[in-house]
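Trainee: Sharing a structure, written as structure tokens. Questions coming.
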Amino acid sequence: MNWRTVIYVVLLVSLTVAKALPRTSRDVEGKTSIGQRFSQLHENNFKAIALVMFAQYVPGGTFGRAARMAEQVTALARSCAAAARDSLECLKPLDRIFFDTICQEKNLPRIADCCAKEDSERNDCFLSLKNFSQGFIPVLERPDAEAACRNYSQNQQPLTAYFTYEVSKKHPFLPAPAILSVALRYEEMMKRCCGGVEGPSQHLEECFRTQAPKVVKPVREDALRQEHTCGILKKFGERTLKALKLTQISQKFPKADFVTVHKLVMDVADMHKDCCRGDMLDCMQDREDILQYVCSNQHILSSKIQQCCEQPLLQRSECIVHVENDDKPADLSPHIREFIEDKGICERFAQEKDTHLARFLYEYSRRHPEFSAQMLLRIGKGYEDLLQECCRPRAPSGCRSRGEEELRKHIYETESVMRTSCDIYNEKGDYYFQNELLMSFTKKMPQLTSAELIRFTKEMTTIGSKCCQLGPDKLLRCAEENLDLVLGEICRRHLADPINPGVCRCCSSSYAFRRPCIGKLEVDESYVPLALTPGLFAFHGDLCTMKEEKLQHRKQEMLITLLKYKPQISPEQLGSITAAFSAMRERCCGEANPEACFLKEGPELIKRSEKMLSA
């Protein structure tokens, strides 16, 4: 099979692929057979998607087994499409055929219990076997350039199929089109770096170094966004997810009326429920249905999406997500005082609470594209609390009028936090800004490893470099929405391995207030500091020979260790110890035998520092 052709065809078919995929309810009713699916998709598309499905549904399997099962199902589909009349086997729903094929395989790990169940219960059982992304894609970890090109020239088609399998296995919740898009980029990288008939490209290592991130970064970002959304749904529920999507869609399509936006919110929430459940087939169908609706209703949604809707299906989704917000209607009033001043507000709030709050959030969000979705949700929660207090019997007159003052105060506080962070970033630069974050987060979350603390604060520093150069109309949204992704990672890390009670409270109580809650955390009083052992602080001659980037990393590790040893250290004490370390390093690196100098000076530095910290 020509896998490059498979991938190109899958990406270029427009609506047929998603529409031809089975949804369990329709297939159970017998409306579409596997032969009809095969005819709609054509063989290469059918086989490629089958490989993705078997990789995703059998996490403990192998490439050889997944490829063999894909061939087996494709052969059945081919015979059913060619037959004059459908046999009983050909009339089975496609999801049942896939799971029957898996259950016929012997010694596959963890599937025996699922295979003992029937139909929908079996489907749910297989879905439960899925896990979120398991790490980096091994195919692209430190590739031996010459060996990779040699393998590519000898096994071009199987190598791309194997890559498709590995990505599917590592990211079992990503839809097939996204995975096949990654495989296409992988194929293009191999062709670019390894060359065609002309032979391998010069500077192979450099080619792989520059091209590999272009392959891997998009799928990592897609997987992170997917995990983030699913984490919100799982922890905070459907109501929070719908509120989040309401703010985002209202900002994206400010000219759309409330009924249209509400319909899109419901459809998008249903799509995420299917995607987060791991049902790839329904997930793909839901996404295609939404795209078709959006592109069929451009005239009432947005003037900015025409170019997106002219692109192939796969690119269309990504384009619409990233396209700029439409312009606000010219006649849109700047204020929505009717939600405060109208006499019938309390009655409407009592009769249709969620709808009334949704209308407020819709009206406020479409007027404020400069605000982050999380801030808009906090404003919505503030409005709800205001009505709950002011609509009570015997509430004081003028109670609701204080809402605007509280709103202005919250907006000012949020903008001040972001401006202050950017002032620090612009003054200190990447390295020292990250050190500031390390000092803060090590005190808040000392249970995290040094590698985790460095990774999370590095991601936050990248947000600073990306957002702090933007104008005030884009800064807040850029900073808080990107920071929300990092905090989501921290909270998922907490769910997997609890960090401390403070993090637990912030990650569990409210999605909208998660960022301010974590921001207000101080030293974790429940943490037992590290004991001072002989090997806790070790200084060696390699401190003189390291490249600057590695030296900075080492110093950050030592900073974290110091903070875990003395969480209550003051900025002045930290500054004194840092200066003493720098002086020692400069002195020892000027000696003929730096190692001997560090062995002598290091313990003295530790002794002086301990005396100062104990004073």
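Cβ atoms are placed via backbone N, Cα and C, with glycine included.
Any TrEMBL annotation is an automated prediction that lacks curation.
What you are looking at is a predicted structure, and each value in this text was computed from that prediction instead of being measured.
Features from TrEMBL:
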SIGNAL    1-20  signal peptide
DOMAIN    22-216  domain 'Albumin'
DISULFID  Cys80-Cys90  disulfide bond
DISULFID  Cys103-Cys115  disulfide bond
DISULFID  Cys193-Cys207  disulfide bond
DOMAIN    217-409  domain 'Albumin'
DISULFID  Cys275-Cys283  disulfide bond
BINDING   Asp279  Ca(2+) 2 binding site
BINDING   Asp289  Ca(2+) 1 binding site
DISULFID  Cys295-Cys309  disulfide bond
DISULFID  Cys308-Cys319  disulfide bond
DISULFID  Cys390-Cys399  disulfide bond
DOMAIN    410-607  domain 'Albumin'
DISULFID  Cys422-Cys468  disulfide bond
DISULFID  Cys467-Cys478  disulfide bond
DISULFID  Cys506-Cys517  disulfide bond
DISULFID  Cys544-Cys589  disulfide bond
DISULFID  Cys588-Cys597  disulfide bond
Trainee: Out of Cys80, Cys390, Cys399, Cys588, which of these disulfide-bonded residues shows the lowest number of other CB atoms within 10 Å of its CB?
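Mentor: Among the disulfide-bonded residues Cys80, Cys390, Cys399, Cys588, the sparsest Cβ neighbourhood within 10 Å belongs to Cys399.
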Trainee: Which number gives the other C-beta atoms within 10 angstroms of the C-beta of the residue listed as 'Ca(2+) 1 binding site', all protein chains shown included?
Mentor: 16
Trainee: Between 0 and 100, where does the mean pLDDT of the domain 'Albumin' (22-216) sit?
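Mentor: Its mean pLDDT is 79.
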Trainee: List only the single closest residue to Cys506 (disulfide bond), chosen from the disulfide-bonded residues Cys193, Cys207, Cys275, Cys422, Cys588 by CA-CA distance.
Mentor: Cys422
Trainee: Which entry in the list of disulfide-bonded residues, Cys103, Cys283, Cys597, has its Cβ near the fewest other Cβ atoms, using 10 Å as the limit?
Mentor: Cys103
Trainee: Judged by the number of other CB atoms within 10 angstroms, which among Cys319, Cys467 is the least packed of the disulfide-bonded residues?
Mentor: Cys319
Trainee: Round to the nearest Å and give the CA-to-CA distance linking Cys544 (disulfide bond) with Cys319 (disulfide bond).
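Mentor: Rounded to a whole number, the Cα-Cα distance is 49 Å.
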Trainee: Using the structure shown, find which entry in Cys193, Cys295, Cys478, Cys589 (the disulfide-bonded residues) has the sparsest Cβ neighbourhood within 10 Å.
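Mentor: Looking at the disulfide-bonded residues Cys193, Cys295, Cys478, Cys589, the Cβ with the fewest others within 10 Å is that of Cys589.
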Trainee: Find the shortest Cα-Cα separation between Cys319 (disulfide bond) and the recorded positions Cys207, Asp279, Cys390, Cys467, and name the residue that gives it.
Mentor: Cys467
Trainee: Can you give me the same-chain residues 6 or more apart in sequence from Cys422 (disulfide bond) with a CB-CB distance under 8 Å?
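Mentor: Listed in sequence order, they are Gly464, Cys467, Cys468, Leu475, Ala479.
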Trainee: Suppose we draw a 10 Å sphere around the Cβ of Cys309 (disulfide bond). How many other Cβ atoms does it contain, all chains included?
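Mentor: Excluding its own Cβ, the number within 10 Å is 16.
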Trainee: Which whole-number value in Å describes the distance between the Cα atoms of Cys103 (disulfide bond) and Cys207 (disulfide bond)?
Mentor: 43
Trainee: Starting from the Cβ of Cys275 (disulfide bond), draw a 10 Å sphere and report how many other Cβ atoms land inside it.
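Mentor: Excluding its own Cβ, the number within 10 Å is 22.
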